[in-house]
Amino acid sequence: MIALRAPTPLIDRLPAVRGRLSADVALAPVTWFRVGGPAEAMFKPADAQDLADFLAGRPRDVAVRVIGVASNLLVRDGGVPGVVIRLGRAFTGVEVVGETLVCGASALDATVAKVAEAAGLAGLEFLSGIPGTLGGALRMNAGAHLREMADIVVLATAVDGLGQSHTLTPAQMGFSYRACALPEDWIFTGCVLAGRPDERGAIAARMEALRQAREASQPLRARTGGSTFANPDPDLSGGRRAWELIDAAGCRGLRLGGAQVSEKHCNFLINTGEATAADLEALGETVRRRVMDTSGVALRWEIKRIGIGLDGLSAGENG
C-alpha cells in the first residue's frame, strides 16, 4: 500500500521574511463589519524591501491579498485562501515636504488630513471623512464632497506581484470613478500628495463642517463597511445617486438575518450584532436586484468582497 503524503502546510512553503508571518489568522476582529473567516496565512512586512522579497520568492500558485484597516471590506465566512498581507507601522509615516505630504500606504486617511491641517495645507480636508488607509484610497480612487485621490496625487510607489518596485504617475495609475487601473496584485507602498497653502483656522472649519455633515447623515457608530455601492453614471440613473435608487426601491431598513440596510443612510449595510458575511452579501444582492427591477440601473459594489463562503465557493468580487 502506498502511503499518501499530507499536503505541505502553506506556511512552510513561503519564503523567509524579516516581518511577521502567521498561519490561520482571524480576520473578523479587524474588519469593521466584524464578520468573516480566517486568513490561511498573514504577512506583515518589516518594510518595502521585505514585501518585495516576499512577493518575488512566493510560489506562483499562492494567492495574495492586501488589506488595510478593512473599513470597506467584506470577508466571506469561509475565510481567505492564500496569504493576506497587512502593511504595518513601517508604512504609516506622514512627512510634510514643502507643499506636499510624503506618506506611507498604511497611514490613515484621517491622519493625513490632520497633518495637512497642522501644516496649513488645504485640499486634503475630504480625507478626514474617509475611513481606511491611503493604500485603499489609492486603489479605489476614494473620494467625498466632490474631491478624490486623483485630484491630489503627485506620484505613488508600488510593488508588483513579482516583487518589482515601481514609481507611478497619476496617468500610469489610470484613475477613474472609484477605481484605478493597476493590476490587483500590485500593492501600494506610499505616495506623495499635493496641498495648497491656506489659513489653518479655515482648514479646521471646513473639516469640522464635514464632520458634522457625516454625523448627521451616516451611521458612524454602527458595524458597517461604509458606502456599499458606487454611485452610478448620472446619464444612466437620471442623476440619482445610489442611496436615492435604493430608497426608491423600498430598501431602507430592509433586513436579512442579522444584516440591515441602514435607516439613516440606505447606501450603508449594517451588522446588527449577529450577521454573517453571507447575510450581508445576500442583502446587498437583494438590494441590487430590487434597484434593477425598479429603475433599470445595475449598482456596482464599492465594498470589496474577498474569500470563500462556507460552501467553499467564491462569488464575484465586483459588479
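Backbone N, Cα and C atoms are what each Cβ position is placed from, and that goes for glycine too.
Annotated domain 'FAD-binding PCMH-type' per Swiss-Prot: 35-198, in sequence order, evidence recorded as sequence analysis.
The active site annotation in Swiss-Prot covers Arg178 (among others). Arg178 (active site) has a Cβ environment of 18 other Cβ atoms inside 10 Å.
Other Cβ atoms within 10 Å of the Cβ of Ser227 (active site, proton donor), summed over all protein chains shown, number 22. DSSP classifies Ser227 (active site, proton donor) as strand under the three-state reduction. Feature annotation from Swiss-Prot assigns active site, proton donor to Ser227; the stated evidence is sequence analysis.
Sequence-distant contacts of Glu302 (active site), defined by Cβ-Cβ distance under 8 angstroms and a gap of at least six in the same chain, are Asn72, Met140, Arg178, Gly226, Ser227, Thr228, Phe229, Ala230. The active site annotation in Swiss-Prot covers Glu302 (among others) and rests on sequence analysis.
Over the domain 'FAD-binding PCMH-type' (35-198), the average per-residue pLDDT in this prediction is 97.
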